[in-house]
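Reading through the structure tokens given below for one structure.
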């Protein structure tokens with residue numbers, strides 16, 4: 001009886017955490033999207049709106065993942081649960097964890113060096129401090145908590161890294177397309193680099209993202225075993 005009650009409590013706890021996480025990201029996305037109608041500093045939402053920023057895309061990614069996790073937790077059909085759980089694990093392992101951790105790490109490293117390159121002071125009047133941390137800090141503990149609460153099946157390392165590489169190239173293409181269309185770099189840092197510098201930075205970033213993928217896999221195995 002004690003075991004059954006313990007399992008029931010853990011199940012309810014996980015479901016509550018998933019629902020709270022999904023609601024949190026939905027709230028942040030709504031709050032950020034609402035800024036699109038305000039008079040923001042020049043170039044912030046010009047051409048592409050918030051969709052050009054990896055931070056916003058990451059928030060959408062996290063919301064989709066936790067939404068899938070909630071639906072998966074509520075499903076009762078065995079075949080349905082198996083299929084949805086497979087996609088949930090794939091999105092978490094290949095995208096949600098490595099991209100989320102990368103956004104937090106890269107943002108604060110550049111912010112500490114020179115915030116004007118990634119988050120100019122002019123944005124403080126539009127995005128309050130709590131929203132900045134919601135977009136660039138809270139993501140990390142939520143992802144680490146997800147690893148502690150639920151086991152995730154990772155794909156083969158080469159397949160996972162290949163999929164991550166395709167997504168990275170797609171985003172690079174989107175950033176370059178915006179620059180060619182309006183002559184504006186999504187991130188001011190890119191405007192200080194040559195073409196080879198932009199490519200070098202992209203390769204460096206992809207290396208860091210790959211390391212985040214391997215970190216997620218390692219943490220998952222440490223907590224749950226192979």
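In case you wondered, yes, glycine gets a Cβ from its N, Cα and C as well.
Annotation comment: TrEMBL describes 12-33 (among others) as transmembrane segment.
The annotation transmembrane segment is assigned in TrEMBL to 53-71 (among others).
Under 8 Å from some Cβ of the transmembrane segment (91-113) lie the Cβ atoms of residues 54-55, 58, 61-62, 64-65, 68, 119, 136-137, 139-140, 143, 146-147, 152-155, 160, 163-164, 167, 189, 205, 208-210, 212-213, 215-217, 220, all in the same chain and six or more residues away from its ends. Annotation source TrEMBL lists transmembrane segment at 91-113 (among others).
A Cβ distance under 8 Å defines the sequence-distant neighbours of the transmembrane segment (125-149), meaning residues of its chain 6+ beyond its ends; these are 13-14, 17, 21, 24, 28, 31-32, 35, 38, 40-41, 44, 55, 58-59, 62, 92, 96-97, 100-101, 103-104, 107-108, 119, 216, 219-220, 223. As annotated by TrEMBL, transmembrane segment applies to 125-149 (among others).
What TrEMBL records for 161-187 (among others) is transmembrane segment. Sequence-remote contacts of a segment are chain residues at least 6 beyond its ends whose Cβ falls under 8 Å from one of its Cβ atoms, and for the transmembrane segment (161-187) they are 43, 46-48, 52-54, 57, 94-95, 98-99, 117-118, 155, 202, 205-206, 209-210, 213.
The transmembrane segment annotation in TrEMBL covers 193-215 (among others). Beyond the ends of the transmembrane segment (193-215), by six or more residues, the same chain brings 93-94, 97-99, 101-102, 105-106, 157, 160-161, 164-165, 168, 172 to within a C-beta distance below 8 angstroms of the stretch.
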